[in-house]
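**Student:** Would you mind keeping the following structure in view while I ask a few things?
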Amino acid sequence: MNKTTRVMPAHKHIALVAHDNYKPELLRWVKENKDALQGHFLYATGTTGRILSKETGLAIKSLLSGPMGGDQQLGALISEGKIDMMIFFWDPLNAVPHDPDVKALLRIATVWNVPVAMNRASAKFMISAPQMAEEVSIEIPDYDAYLAERV
C-alpha cells in the first residue's frame, strides 16, 4: 500500500481506555501524569471518561461506553486522523463481551500507525517522550491512492 504522511500537532489528541479491572490502574496513571496530560485534548470511552474527569478534573470528551459502541467510535476517530495516540489498559486475563470491537480498535490503530500504550510502562515511555510537546510527522496509508487503485 502507498503511504503518505500526516502531522500530529504539538497538542496531541489522546484516547484513554480501560477495561473494568484496569480502570483504577488507568486512574492512578492519569493522576500521576495529570500535568503532562493537561496540555492535550483527551478522549475516553464512556465510563472511563466519566471516572477520569470526576476524579481528576481534566476536560475529557466522553464517547459511548465500550460495549455500547465507544470502541467503534474511537476507531472511527482514528480512521479520520482525529486521534494521535491511545493509552489502552486492557485486561489480558479476562474476555469481555465486546472482544471483537477491542480487536478491531487495536487493528485500526495499527493500520493508521497510531501509537498505543497498553500498560503503565509503555504509557510512561509515551508520555515522557520529547515528541509529546512537538509536531510529529507519521506515515499513514494513502487512502486516496488506495481508492484510486480500486475504482
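Glycine is treated like the rest: Cβ placed from N, Cα and C.
According to Swiss-Prot, the active site, proton donor/acceptor annotation covers D71. Among the features that Swiss-Prot reports, substrate binding site is placed at H19, K23, T45, G46, T47, T48, S65, G66, H98, with the record citing sequence analysis. Feature annotation from Swiss-Prot assigns domain 'MGS-like' to 6-151; the stated evidence is sequence analysis.
Walk me through the surroundings of each of these features.
**Tutor:** Its Cβ taken as reference, D71 (active site, proton donor/acceptor) is surrounded by 26 other Cβ atoms within 10 Å in the chains shown. D71 (active site, proton donor/acceptor) carries a helical DSSP state (H, G or I).
The local packing around S65 (substrate binding site), expressed as other Cβ atoms within 10 Å of its Cβ over all shown chains, amounts to 16.
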**Student:** Sorry to bug you, but what's the C-alpha spacing from D71 (active site, proton donor/acceptor) to S65 (substrate binding site), rounded to the closest Å?
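**Tutor:** Pair distance, Cα basis, whole Å: 8 Å.
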**Student:** What's the CA to CA span in angstrom from D71 (active site, proton donor/acceptor) over to H19 (substrate binding site)?
**Tutor:** 11
**Student:** In the domain 'MGS-like' (6-151), how many residues does DSSP assign to helix, to strand and to coil?
**Tutor:** 75 helix, 29 strand, 42 coil
**Student:** May I have the list of same-chain residues other than H19, K23, T45, G46, T47, T48, S65, G66, H98 whose Cβ is within 8 Å of the Cβ centroid of the recorded substrate site, in sequence order?
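**Tutor:** Apart from the listed residues, the neighbours are V17, A18, D20, A44, P67, G70.
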**Student:** I want to check the contact list for H19 (substrate binding site): same chain, sequence separation of six or more, C-beta distance under 8 angstroms. What comes out?
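**Tutor:** Non-local contacts for H19 (substrate binding site): G66, F89, W90, D91, N94, V96.
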**Student:** Neighbour count first, Cβ atoms within 10 Å, every protein chain included; then name which of T45, T47 tops the list of binding-site residues.
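**Tutor:** The largest 10 Å Cβ neighbour count belongs to T45.
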